[in-house]
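Feature annotation from TrEMBL assigns active site, proton acceptor to Asp65, His135. The annotation active site, for ring-opening step is assigned in TrEMBL to Asn133, Glu140. Among the features that TrEMBL reports, domain 'Glucosamine/galactosamine-6-phosphate isomerase' is placed at 26-225.
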Amino acid sequence: MNYNVFETKKEASKAAYELMKSLLKEDSILGLATGSTPTDLYEVMIEDYKKGNVSYENIKSYNLDEYVGISYDHPESYHRFMDDNLFNHINIKKENTNVPDASAEDLDEAVKTYQEELDNTQIDIQILGVGGNGHIGFNEPGTPFEAGVHVVDLKQETIEANSRFFDNDINLVPKQAVTMGIKDIMKAKNIILLAFGENKKQAIKQLVEGLEVTTEVPCTVLKQHPNVHIFVDKEADFKN
Ligand code: F6R
């Protein structure tokens, strides 16, 4: 595991991008995250694309998760997040991008389809954020490491943390999501985990310094992955 600390989110995101770029091939498959964590990384990706340094023409992507119960044109849906923060600004083909179809009428079928797609895919570079409670994707504490794509009931702390995107009103925050499972995340060749802010410090401490691999802190499973690169700002640095 490779642990990198930077003064700011921007600096950490730039460094993460440099690593990502060194791993990126013309036809790479990316695993992508949403939320506040990857926004600067996506900005840097867009900037570099606009300079003509990289093309996404033959790149595919799979997102970690999507809320159940809000439409894809809702400003906080992860479909919309990806369009607004990345896909609409680079030359990735929309048909090569994949986000769980959590608004499907038949959710079980949608889960099965996403699982089949992931089972036939090798993600080259997986971008991850982490929840204050250690969740990765929306694999909340207690999720078995063998879990694949599934519908998850979000924990109260996750609903509260995400209410900042929903006018600080927990009643507006979706209570369920479809997420890739931990086994799907662990299949990626390379994992780049970003964490910013004081409320991530404890999860990062348990991941980097702790000895225990436990479903109670899902990110600790990454100790068992051979290629994990962690980029944090000084607020999330557990040594700070
Ligand atoms: C998002 C995701 C989540 C977030 C985590 C942190 O696609 O899978 O695990 O990475 O909830 O969220 P932020 O970045 O908003 O602090």
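Placement of Cβ uses the backbone N, Cα and C atoms for every residue, glycine included.
Listed in sequence order, the active-site residues among Asp65, Asn133, Glu140 whose CB lies under 6 angstroms from an atom of ligand 1 come out as Asp65.
Residues within less than 8 Å, Cβ to Cβ, of Asn133 (active site, for ring-opening step) and separated from it by at least 6 positions along the same chain comprise Glu140, Pro141, Lys155, Glu157, Thr158, Ala203, Val217. Counting only residues at least six positions away in the same chain, the Cβ atoms of Pro141, Lys155, Thr158, Pro218, Cys219 sit under 8 Å from the Cβ of His135 (active site, proton acceptor).
For Glu140 (active site, for ring-opening step), the Cβ neighbour count at a 10 Å cut-off comes to 21, with all displayed protein chains included.
For Asp65 (active site, proton acceptor), the same-chain residues 6+ apart in sequence whose C-beta sits under 8 angstroms from its C-beta are Thr34, Tyr78, Pro100, Ala102, Gly137, Phe138, Ala177, Val178, Thr179, Met180.
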